[in-house]
Protein chains: 2
Amino acid sequence: MVGMSGAYGGHSNGGESRAPKAAVVVGAPPPEMEMEMAGAMGVVHKVAAQPAQSTASKMKGKVKETFFPDDPFRSFKGQPLRAQWVMAARYLFPVLEWLPGYSLSLFKSDLVAGLTIASLAIPQGISYAKLANLPPIIGLYSSFVPPLVYAVLGSSRDLAVGPVSIASLIMGSMLRQAVSPSAEPMLFLQLAFTSTFFAGLVQASLGILRLGFIIDFLSKATLVGFMAGAAIIVSLQQLKALLGIVHFTTQMGIVPVMASVFQHTNESIRWPRFFWISACAPLASVIVSTLLVFLFKAQNHGISIIGSLKCGLNRPSWDKLLFDPTYLGLTMKTGLVTGIISLTEGVAVGRTFASLKDYQVDGNKEMMAIGLMNIVGSCTSCYVTTGAFSRSAVNHNAGCKTAMSNVVMALTVMVTLLFLMPLFVYTPNVVLGAIIIAAVIGLIDLPAAYNIWKMDKMDFLVCLCAFAGVIFISVQEGLAIAVGISIFRVLMQITRPRMMIQGNIKGTDIYRNLHQYKEAQRVPGFLILTVEAPINFANTNYLNERTKRWIEDESSSGNKQTELRVVILDLSAVPAIDTSGIAFLIDLKKSTEKHGLELVLVNPTGEVMEKIQRANDAHDHFRPDCLYLTTGEAIASLSGFAKMATP
Amino acid sequence: MVGMSGAYGGHSNGGESRAPKAAVVVGAPPPEMEMEMAGAMGVVHKVAAQPAQSTASKMKGKVKETFFPDDPFRSFKGQPLRAQWVMAARYLFPVLEWLPGYSLSLFKSDLVAGLTIASLAIPQGISYAKLANLPPIIGLYSSFVPPLVYAVLGSSRDLAVGPVSIASLIMGSMLRQAVSPSAEPMLFLQLAFTSTFFAGLVQASLGILRLGFIIDFLSKATLVGFMAGAAIIVSLQQLKALLGIVHFTTQMGIVPVMASVFQHTNESIRWPRFFWISACAPLASVIVSTLLVFLFKAQNHGISIIGSLKCGLNRPSWDKLLFDPTYLGLTMKTGLVTGIISLTEGVAVGRTFASLKDYQVDGNKEMMAIGLMNIVGSCTSCYVTTGAFSRSAVNHNAGCKTAMSNVVMALTVMVTLLFLMPLFVYTPNVVLGAIIIAAVIGLIDLPAAYNIWKMDKMDFLVCLCAFAGVIFISVQEGLAIAVGISIFRVLMQITRPRMMIQGNIKGTDIYRNLHQYKEAQRVPGFLILTVEAPINFANTNYLNERTKRWIEDESSSGNKQTELRVVILDLSAVPAIDTSGIAFLIDLKKSTEKHGLELVLVNPTGEVMEKIQRANDAHDHFRPDCLYLTTGEAIASLSGFAKMATP
């Protein structure tokens, strides 16, 4: 019954024979197995332990990976002190990296790009400020100071900084719950500045404390659903106002203007060739509609207009920051939500364009830059700003080279603030609504949603929940629900990890999941299980029950020849284990022994091996002869052993 | 320069040659590599896709693994209808499984065990009721009805049911925050019954909805810390009372009694040989102290006594359930916390002894049993009960065989309630305090805490937070903090997954982590990376930056001969991937191509492979020639390719 199956031999130990210790006599599997272990080796390798490391140095390593995964100071090593100072200054002020080498040709590109985004920023700034229920001029102020701050501190070359629709919407709707912007405009403005201050504080703190990974919890799916929901809310709000007025003014030609704005802004992201049209459309709409209102005196026929705006630059507003306990909770909450949302947008936009142009954007540095920009902004009559996707796309397409394009934009806005404000007197509010709708409609990314549906149904559920939550409950709760589901899903993956039975792929030494690989075959007498998750408190009960049921099924079904003798637990895909997990392994070892079975562990990774060893210090549960480096070696070694034991 | 290194050949394809398709001509690695690929094969295996499955059937599978991991109805399949009914009845009422075969010899064992635990249950019942600020008799009521219900519904053979210290403490302290038990005893009692009702409802719902995994989130570390903290709070409370009275009565011999109780109850868990002494110690203390008080008339000398208790069985209390909105929030919260805590204790105790005697306890069934027992209890003047660890240990040591020992205990308590109540008139309250302290001191499990410290510093931190939180903040917040940290830790493992560089173990086809295996060697021209976590929204940014930094480091450092050509990403340990993860892979593919490198994926598991295929449907990013089954095959195949490409 026991024969050598021929396709087996010491072939693999060719040239060098400095094989590791513990060579075990390997017998062949019984012939009825009809299986050759192609690469099977005559040697059994030891599972190495992690090199000894003190708790402190391990902690240091973990802290480093958690907070400094990008190792920002690695180029500092071995440099003279003076060079380190220069590098530190460059690290803190990225402007020092590009300004010394700045040339006229670069400036030409930046000038064109800066003027282009200014033509977009001015009408959008006015519109978004209205979306946040703030005076239109605040939107222009916010397009002047923050871009200058960002140009000094920011590391992205493509980000166009200014107010954005989503953060404006959130700030407006959250503050409106407590204070009416029409009844108490001054208080509302104060709350907006204070919220902006807190938003900046949150953003800068996340960057300084290097907690940038927190925004990673807003997944793509969450954002797609959230943006679409927010866009629909904004559009409906604006449309209500629009339709009310269109009713009076069908002859005003607003519909075609709106339609053209729609068309083009929407195209801007997809067909960069036409981006000039889309970039100029909002300004053109404003100019045309303002002229029309002025010529027809439409303000007397029911068209509401912006009205007179004072010339002049941002006034200081630090005296307007309101830390009154009555509103402190509200402003902190608003700051937190708008801060995180706008940070997510800014960092994502920065990363997108950095990856297009193949340079690196440091997430934590960006957070500090955006945060400082908002803190400075809150003291200079600005509300929350960040890098806007649509404007950055235009900036990129217009050929910007450095953050200088933001400076050009800011200077253009400055000129507008100083001299051109009277021109906006007759601008109809309705065209601002159209600009907003045109901008936010582009946020509804149906292809992305379809793609998510195709790839991953659970992700789509997250997307849908964010969408429905924002529309039917509220902006912040919709977001919280979506993040909650995302995290719950991650936890469920750990609570119910995949466990698989593996089989041998014929003619090889490879063991793979039986379900996925139809050509994989069970090895008689062995039950090869893999776990694909960290083993911890959240899943030990499940793993325990699941494993025991499998062993039970196996033990009861087999006949004498294929009787189960060995359970192999492949730990290759177990990155970590905790005390509960070790207790599970020990419990499994004992219970398999009770059933007369042998349990061996295959390929425990560093951390797991370390804990197994520590468990051994006390009770020697897992001796070296039940630890193997590969499933193949375990089977080869244990087949021989089993034969010797049963002559 | 290109030579065949000899230790290489088609040896491994011995006997049968039905090798999979797509055989690729494999050249040898350059001789300067000085490495033999021992088990290297002449064939390249295809990565199989998961068998096609509809979304619905996949969902079904996931729902089944999540909620029915134990597959409770698998034995029902293929049985006639009548047998299925019998099986269903047995499933719902486990008593039907053991009662028909019940014998006199089994009853003898259960009788002894039942009497033993009754002697423990009576004094403990009275004491714990006082801990919950309830009349002592409620503790006895709670040791009568719930054990009878459990005997019918429960599947554990060793669980001794009744009031427990921790749940009593929590209920008492949570309700006391709103209502004073001394000023409004009736209202307090009503709230206790209502909380018990909600506790039962929560427990039964968790069982029926098969959400039992929720209690898994209370890890061992959390519980160790929590129990110790609670024990210290309880002890200090009782000690304050004790010391106050000891001051008056040093001559009363209470200190030695207390000391003996201490000694023995403490020993009970560790030295089962003396468990008789420990089992009888509380009752003996009660008898001795009652006699002493009676003889010396100590109640006139400042010793507070229980006083007269009415004879009679539990009275119905459903009319006392209070669903008044004023207290609804409080009772629901109290019910939730005590319900989950006592459920955790009950299920953990059940599992512990089931594993000792090698039988199975169905977690969800246990939850339903404990939940129904508490719902019934709340209608019959009982407060929250569960399986107590100390009493179950005594039950087990006394040789119980079935849940009949609970029935014997209940009947003993019944006799006490009917006839023996006058005997407790002179029992001093101080001995009840001693009994409580003796019981809870055993909950401080220093060896377990030391073990956790030794195994896992983070787990110890969780333990410490639960301990400190319970002592310095409050019971429920301490618990919440500990659970929060545990979950945060799990999330951090996913946010910062381990990524490793692998090398070849000399003389084999095995590739392992360079850091763990000192004998592993880098393969020149290849960068072999492994990721050990699901790739999802929470870690794609990190993985992206980490990978790019490695590639950058590699590209810059190498000389011409060892120049980096191929990046191998081993996905063996990646159990799942989401849309963000797929986007990361595609982005990495594009960025490596931009650097003139090739990216290949090794061994994607079922779900990952499925999503890669779906991504391919749209844009064919990952053609079959960049998917390999093993790292060895990828290297063998690509070394050949590289050589052919650069003659």
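Note that Cβ sites are derived from N, Cα and C of the backbone, with glycine treated the same way.
Note: TrEMBL annotation is automatic and uncurated.
TrEMBL lists A:1-13 with the feature compositional bias 'Gly residues'.
Among the features that TrEMBL reports, region 'Disordered' is placed at A:1-21.
Counting only same-chain residues 6+ beyond the ends of the transmembrane segment (A:187-206), those with a CB under 8 A from a CB of the stretch are 132-135, 138, 171, 174-175, 178-181, 212, 214-215, 317, 320-323, 327, 330-332, 334-336, 338-340, 342-343, 364, 367-368, 370-379, 381-384. Look at TrEMBL and you will find A:187-206 (among others) tagged as transmembrane segment.
For A:212-234 (among others), the entry in TrEMBL reads transmembrane segment. Same-chain neighbours of the transmembrane segment (A:212-234): 66, 131, 165-166, 169-170, 206, 340, 343-344, 347-348, 363-364, 367, 436-437, 440-441, 443-445, 448-449, 452, 456, 459-460, 462-471, 475, 478-479, 482-483, 486-487, counting only residues six or more beyond its ends whose CB sits under 8 Å from a CB of the stretch.
Residues or ranges marked as transmembrane segment by TrEMBL: A:241-262 (among others).
Summarising the annotation, TrEMBL assigns transmembrane segment to A:274-296 (among others).
Annotation comment: TrEMBL describes A:407-425 (among others) as transmembrane segment.
What TrEMBL lists as transmembrane segment is A:431-453 (among others).
Taken from TrEMBL, the feature transmembrane segment applies to A:460-488 (among others). Residues 169-170, 173-174, 217-219, 221-226, 228-230, 232-233, 333, 337, 341, 449, 452-453 of the same chain lie 6+ residues outside the transmembrane segment (A:460-488) yet bring a C-beta within less than 8 angstroms of a C-beta in it.
Under the heading domain 'STAS', TrEMBL lists A:516-638. Taken together, the residues of the domain 'STAS' (A:516-638) have an average pLDDT of 84.
Across the domain 'STAS' (A:516-638), DSSP assigns 59 helix, 22 strand, 42 coil.
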